[in-house]
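K.L.:
Encoded as structure tokens, here's the structure I'll be asking about.
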């Protein structure tokens, strides 16, 4: 595809038919696509119309990234998030250190990279969001809604974690960090300053990471969360005004950034599989949305290798940084490193801040650390919101015409739900959402996505699409992963996530049984879009039941072949091809 100085784009016949298949027009051999490109805020807006005859003036407006680096940084920013800092190092330590890297790297190559590559190519070729991209196999459109809903659910609580980081940043703007000692109004009578805590003090009662009466732990739980004022998930209270202001600021940042457009041995293996999958971020519709704004001939294969490699290298690097701090803390308190090793919020909001408070120039290092958390969180949250906005805007044109209003509505909606997570018992709501909103459901969503692309649309046809974009077909390794290895991996991961799902708890608090039922209802609310939409599609399509099946699994631009009785998916060759 050639972009000329006059902003006119001339496409070869095979590329034109792949970009804009025309259902109602008999297109002649030499079609020309005119592209009007204007630069605005780093994003090029593309207005294309296929010129075949005077009657075929169907206009399509699509943004493209102004610069290649914009796309790469957006994808890397989404993929590299808080999980790289607070989850990977702990999983690596818990599951045998270097031994954990064996399954981690294995799953990177057989599942992580292939799925990452698949989503980038799918979005770039079809130039659609997560829902409308399923014009390639209409009956699977429900999975597009599944991943959009999951991305929305994650935004409900992920923004709260960013708000915590912002609160800590503001709290750090003092000469003495507020979690340095026990002389504060929020401290309990049991508060013990770190210099008095060692292995002898703790005895066999608990590990240092689980001891809740250090100044840093009490700042987090009593000053930030006010968890001591709640009896559990059935006793939430009102939103904390300080966190509400921080959350408002976070939502405004996200809203205006998106205003105009884009920018045991067995347990070891399960942990490695889920970590590589969630770390890369496939299945949230974000990669499809971002790639849909690429130029048609962009090398998404190189992008997939580069960005997934950077993400994993970042995880390795953060592991060295995290365990340097944990080793220092263990040395300070004369305990084993297992007593200070933890993951999640306890690592970044308790252990790390306490370690920073002991350093010379602690205020400076605290500010830098929490700015890092903000940047890690915000660009990942922006990716999730963009997946929702792009996915629904491409499906409902009225939303695309009113993008600013729709962006505000999405941001405001996430803000309202997030208020539940900044109440006295908000941590319990956040824990429930974190467990169920994007657990089994996201694995299920990508499993259906992989089956839809690889089996129903066809790996061979998908490979031909990639060849039209980049001039070469994916190798046999990628095709085998897409058709056999990745779906098998995802199926096992879905089963394992269900089988290993135990009772929900936060520290010593065990959630009531009804909250687990609510959690599974949240998970099912997104997964059920797949069968419900498939049934709906079969009901509204014309013809006999067999013809409806044929229309449902045939790309929209090939529906005329169904009328002729030429259904590719009804032939054995389609299912055997690679």
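The backbone N, Cα and C atoms fix where each Cβ goes, glycine too.
So TrEMBL has the following annotated:
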{"type": "BINDING", "residues": "77, 79, 80, 84, 279, 311, 376, 379, 380", "note": "Na(+) binding site"}
{"type": "DISULFID", "residues": "182-191", "note": "disulfide bond"}
{"type": "TRANSMEM", "residues": "71-89", "note": "transmembrane segment"}
{"type": "TRANSMEM", "residues": "101-122", "note": "transmembrane segment"}
{"type": "TRANSMEM", "residues": "143-170", "note": "transmembrane segment"}
{"type": "TRANSMEM", "residues": "241-259", "note": "transmembrane segment"}
{"type": "TRANSMEM", "residues": "268-293", "note": "transmembrane segment"}
{"type": "TRANSMEM", "residues": "305-328", "note": "transmembrane segment"}
{"type": "TRANSMEM", "residues": "340-358", "note": "transmembrane segment"}
{"type": "TRANSMEM", "residues": "364-384", "note": "transmembrane segment"}
{"type": "TRANSMEM", "residues": "405-430", "note": "transmembrane segment"}
{"type": "TRANSMEM", "residues": "436-459", "note": "transmembrane segment"}
{"type": "TRANSMEM", "residues": "480-499", "note": "transmembrane segment"}
{"type": "TRANSMEM", "residues": "519-539", "note": "transmembrane segment"}
K.L.:
Compare 241-259, 364-384, 405-430, 519-539 by their Cβ pairs under 8 Å to the transmembrane segment (71-89) and return the stretch that comes out on top.
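P.N.:
When the Cβ pairs under 8 Å are tallied, 364-384 comes out ahead.
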K.L.:
Quick one: do the transmembrane segment (364-384) and the transmembrane segment (241-259) have at least 3 Cβ pairs under 8 Å, skipping pairs fewer than 6 apart in sequence?
P.N.:
yes
K.L.:
Which are the residues of the chain, 77, 79, 80, 84, 279, 311, 376, 379, 380 excluded, whose CB is within 8 A of where the CB atoms of the Na(+) site average out, their centroid?
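P.N.:
Here the nearby residues are 76, 78, 81, 83, 281, 314.
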K.L.:
Given the cut-off of 8 Å on Cβ pairs that are 6 or more apart in sequence, determine whether the transmembrane segment (480-499) and the transmembrane segment (436-459) share at least 3 such pairs.
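P.N.:
Answer yes: the transmembrane segment (480-499) meets the transmembrane segment (436-459) with 3 or more Cβ pairs below 8 Å.
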K.L.:
Long-range same-chain neighbours of residue 182 (disulfide bond), Cβ under 8 Å, sequence gap at least 6?
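P.N.:
Listed in sequence order, they are 191, 192, 193, 215, 218.
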K.L.:
Within 10 angstroms of the C-beta of residue 279 (Na(+) binding site), what count of other C-beta atoms is obtained when all protein chains are considered?
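P.N.:
That number is 23.
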K.L.:
What stretch of 143-170, 305-328, 340-358, 436-459 shows the most Cβ pairs under 8 Å to the transmembrane segment (241-259)?
P.N.:
143-170
K.L.:
With every protein chain in view, how many other Cβ atoms are within 10 Å of the Cβ of residue 80 (Na(+) binding site)?
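P.N.:
Other Cβ atoms found within 10 Å: 25.
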